[in-house]
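Visitor: According to Swiss-Prot:
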DOMAIN    47-346  domain 'AB hydrolase-1'
ACT_SITE  SER152  active site, nucleophile
BINDING   ARG221, ASP341  substrate binding site
ACT_SITE  ASP307  active site
ACT_SITE  HIS340  active site
DOMAIN    428-483  domain 'CBS 2'
Amino acid sequence: MTERSVGYVETKHHHLKEPFRLVSGDELAEVSIAYETYGKLNSDKSNVILICHALTGDAHAAGWHEGDKKPGWWDIVIGPGKAFDTNKYFIICSNVLGGCKGTTGPSSTNPQSGLPYGLSFPRITIEDMVNLQHTLLNNLGISRLYAIAGGSMGGMQVLQWAVSYPGFMKRSIVLASTAISSPQQIAFNEVARQAIIRDPYWNDGDYYGVELPKQGLSLARMIGHITYLSDDSMHDKFGRDIRENEMFQVESYLHHQGDTFTSRFDPNSYLYLTGAIDKFDLSNGYSLAKTFSNIESEFMVISVSSDWLYPSYQSEEIVQALGSNDVDVQYRKLISHFGHDAFLLEKGQLNYLLSTFLGHLTVGDVMSEDVSTLHEGCTLEEAAQLMILKNATHIPILATSGRITGIVTSWDITRAVANKISSIENILSRDILTSRPDESLSSAALVMEDHAISALPVVDDRGCLVGILSSDTISAMVGKGTK
């Protein structure tokens with residue numbers, strides 16, 4: 001366990017006192033919701049962030065349970081100092097309706113029969129999942145979210161939240177998702193469902209207490225994992241390597257993923273949840289733009305360059321529909337070879353993008369305070385020597401008061417030598433752009449991008465230099481982009 005972990009956590013359970021009504025009109029007499037929380041709720045309950053999980057996820061998004069071999073599924077972005085900073089935010093993640101990790105689903109006991117629901121469990125939708133989350137938050141006394149975030153099926157929930165409860169959240173984050181399930185996505189899910197249904201132990205979904213349709217569920221998971229990866233990631237991860245048992249490494253990987261999955265997931269839940277994904281269509285037969293006409297929250301939509309399960313064009317459709325309604329929306333693309341799974345793996349890029357959107361990462365948080373400077377009246381030779389000594393490309397020039405009066409770059413030095421310019425006063429830039437320590441990092445980064453500059457001096461209220469923000473610093477935060 002690292003210092004930036006939320007530590008050991010426990011899953012909590014909330015039991016509804018009233019029946020829960022579904023979009024279909026059906027009711028569930030008894031509903032239990034599994035959820036986890038991280039961080040501390042502030043006095044006015046204004047720091048709450050809801051995390052929505054993907055198809056086979058659960059409420060355990062961060063930290064450790066006793067006996068865990070690895071932390072929660074989104075631990076890379078949840079914890080002290082991470083994007084979802086538990087020193088600042090109160091994070092909630094609940095298992096979805098229809099799941100099998102503590103929230104009522106097909107494997108739960110039907111109070112009328114005393115037996116597992118199986119296929120008698122009513123059909124559910126993404127909207128039902130969101131309505132249950134809304135009920136949980138209301139029962140916890142939370143009437144407003146600072147933000148909501150989710151990837152894949154979790155992203156669908158975020159979109160549904162923004163449509164169903166437009167004034168409930170301030171910021172919405174959708175990763176590697178879609179507003180309308182495509183025929184290809186439906187096709188993969190149908191093949192996975194058929195693998196389960198055609199298992200000899202399927203027994204029309206009434207397999208509880210006897211033999212589970214493990215082979216079918218394992219095959220369904222193998223199909224899923226193929227779609228979560230990319231061609232590049234398979235080449236990098238497996239190549240054509242052969243294991244000792246004469247299986248290709250990729251075959252061994254898929255068998256392992258399938259076999260281990262059967263011990264932690266219910267086949268019926270897989271059917272119900274993929275069915276809800278397939279039915280998801282926020283256009284409602286009209287257009288996304290019309291559906292998004294009442295949205296009030298700011299949006300960040302993130303796609304993955306190598307995701308062929310939820311391709312970038314689907315994220316771009318969301319962005320276009322939001323933009324047509326003048327919604328404040330930012331669109332970013334993870335440059336990654338990991339495929340769909342990149343939203344769970346790209347630690348550097350995710351923490352940078354999410355932190356800047358949530359608005360708590362400032363220039364002062366990341367700027368370098370160890371800045372090499374020179375004073376007015378210095379010579380070209382002094383500037384060149386300092387650049388070589390400090391391996392610097394930008395040298396701020398200061399007045400005796402500490403105020404920045406100009407900046408000289410390695411390009412300026414090169415130009416001076418080529419043109420036989422002897423005075424530094426004739427080459428330094430005086431019309432310089434600066435930043436402040438409290439400026440958001442995203443704002444400063446945009447200034448650097450728009451003006452094609454690689455460093456931005458940071459000054460205080462008096463104009464005195466206090467640090468410098470470089471493109472190298474930002475790149476180091478993001479981490480090396482994968483192909």
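Including glycine, each Cβ sits where the backbone N, Cα and C put it.
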Visitor: Using DSSP, what is the helix/strand/coil residue split across the domain 'CBS 2' (428-483)?
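Guide: The counts are 18 helix, 15 strand, 23 coil.
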Visitor: Taking the domain 'CBS 2' (428-483) alone, what is its mean pLDDT?
Guide: 82
Visitor: Give me the Cα-Cα distance between ASP307 (active site) and ARG221 (substrate binding site), rounded to a whole Å.
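Guide: Cα of ASP307 (active site) to Cα of ARG221 (substrate binding site) measures 18 Å after rounding.
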Visitor: Just the number: how many Å between the Cα atoms of the residue listed as 'active site, nucleophile' and ARG221 (substrate binding site)?
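Guide: Cα-Cα distance, the residue listed as 'active site, nucleophile' to ARG221 (substrate binding site): 16 Å.
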Visitor: Of all the recorded positions given, ASP307, ASP341, which has the fewest Cβ neighbours within 10 Å once its own Cβ is left out?
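Guide: Selected from the recorded positions ASP307, ASP341 on minimum Cβ neighbours within 10 Å: ASP341.
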Visitor: Among the recorded positions listed here (ARG221, HIS340), identify the one with the smallest other-Cβ count within 10 Å.
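Guide: Lowest Cβ count within 10 Å among the recorded positions (ARG221, HIS340) is ARG221.
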